[in-house]
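A quick write-up on the structure given underneath.
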Amino acid sequence: MSILKNTTQKNTIAVLDGVRAFACLSVLFYHINYLAWHAHVFTSNVGPLTFSVAMVGWSGVTLFFVLSGFLLFMPYARAILFDAPWPSMRVFYLRRMLRIIPGYYVSLFLLILLLNPQYLQPAHWGHVGLFLTFLMDSFHETYQQINGPFWTLAVEWQFYMLLPFLALAFRFIARRGTRRKRLFLLLGCLGGLIIWGLLTRYWGRSFELHPDQPRLLPQPLHDAAMIVLYGVSGKYLEDFAVGMLVCVGFILSQHPATRQRITATLGRYSPWLWRIGVLWLFFLTIWNNFPFAPLLDPFIGAHNWLVELAFASGFGLCITAILFGPTELKKPFAWGPARWIGLISYSLYIWHLPILVSFTNYIVPLLQGWQHSWIYGLYFLCAALVVIPFSYLFFRYVEMPGINLANKTRRKQVVVEKQAA
């Protein structure tokens, strides 16, 4: 675990490494089940409830977005509420580039060369340009192409580009008055961001389901608005905003003026927050097995306008409970192996699906006559013996140089902020 010590900054929140691991492993578990299901290895004969649990791992993506909102908004929330130094926009963008681009670009070119050589043809160069500029989530031609998880990197990247400007707008609104007034104004801003996310999702989803309905804008402007505001599946601003709301509570708990009251209150209620969050997430997992499902489907059915906020809210409650809860609740997420998985989660997230798809295409057909349970188990063996070791090596030799450089940039910024103070 020495690499964990070498790459973890002092201000890292240890339990969130474990939460990130849970998010990544959830997506891995989902893709194993999805591929095994399509290969007729894993079937719905296991029962509707078990099948629902097996297929809910996609929501790990939502958890990733909530975590990003929480972690990236921290310095801005501290500056808005407590007049801490305002984060440098240049440093923010530079650190995000060093963290995301090396691993993404290397994996993109390797996957094109090894598994998708058609993208080397001139007819596909425009599509490659969309991948290079993180716009692959906005067009059906590139959405979930080359590598399924790539579209989420586009959503993340666009949030990175937007966040400093959102924070400036929040500061403009909430910069005056007492700390209490600032807090309520900031919460109002985040509530507005959630509403904006819901409205754009509802709008985009309605045109996805009913493309022939009347438009308020001329067709070219409507198409441009769809690309910018919705893309193919939405921009998930409501998910990021939930993480930002949890971040505000955490920042309040770190300041001497509010630490005792916030920590005591949230600590007292953390067991209930955990129970409510877990029960709510479980309900979201199994609701479609009940007779009332048709009533809820327009709201929290797949891709519908409230489903992301519903899952994000459950995850937000659970994260709050973990941050302020007892040691017994924190311990699984602060466990060394869990934090290690969280550390390599970016590489693991990028590479697990191409490796599992290759296993499905080239190995599973050779196992004709094997019991399905044995083949299903081999998926997990492939994940343990191939996916995770490969992801570690990719992290070590592709991601880590950029991470170290980003951390040096951050340390220099901290020195500048201290000198300015």
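The backbone N, Cα and C atoms fix where each Cβ goes, and this holds for glycine too.
Here TrEMBL flags 15-395 as domain 'Acyltransferase 3'.
Residues or ranges marked as transmembrane segment by TrEMBL: 12-32 (among others).
Here TrEMBL flags 52-76 (among others) as transmembrane segment. For the transmembrane segment (52-76), the residues of the chain that approach it from at least six positions outside its boundaries are 16, 19-20, 22-31, 33-34, 37, 42, 46, 84, 87, 152, 155-156, 159-160, 163-164, 167, 170-171, 236, 239-244, 246-248, 250-251, 281, 284-286, 288-289, 308, 311-312, 315-316, 319, 349, judged by C-beta separation under 8 angstroms.
Same-chain residues lying 6+ beyond the ends of the transmembrane segment (97-115) with a Cβ under 8 Å from its Cβ atoms: 128, 131-132, 146-147, 150, 153, 156-157, 160, 346-347, 350-351, 354, 358, 394-395, 398-399, 401-403, 405-406, 409. According to TrEMBL, the feature transmembrane segment maps to 97-115 (among others).
Per TrEMBL, transmembrane segment is recorded for 157-174 (among others).
According to TrEMBL, the feature transmembrane segment maps to 183-204 (among others).
Positions annotated as transmembrane segment by TrEMBL: 224-252 (among others). Sequence-distant neighbours of the transmembrane segment (224-252) (same chain, 6+ residues past either end, Cβ-Cβ under 8 Å): 62, 65-71, 73-74, 77-78, 81-82, 135, 137-140, 143, 151, 154-155, 158-159, 183, 186-187, 190, 193-194, 196-198, 200-201, 203-205, 207, 217, 258-259, 262, 266, 303, 308-309, 312-313, 315-316, 319-320, 323.
As annotated by TrEMBL, transmembrane segment applies to 272-290 (among others).
The feature transmembrane segment is assigned by TrEMBL to 302-325 (among others).
Taken from TrEMBL, the feature transmembrane segment covers 346-364 (among others).
Annotated transmembrane segment per TrEMBL: 376-395 (among others), in sequence order.
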The transmembrane segment (302-325) in contact with the transmembrane segment (272-290), cutoff 8 A, at least 3 CB pairs, sep 6+:
yes
Any chance you could find the range in 272-290, 346-364, 376-395 with the most Cβ pairs under 8 Å to the transmembrane segment (12-32)?
346-364
Kindly state the mean pLDDT of the domain 'Acyltransferase 3' (15-395) in the predicted structure.
96
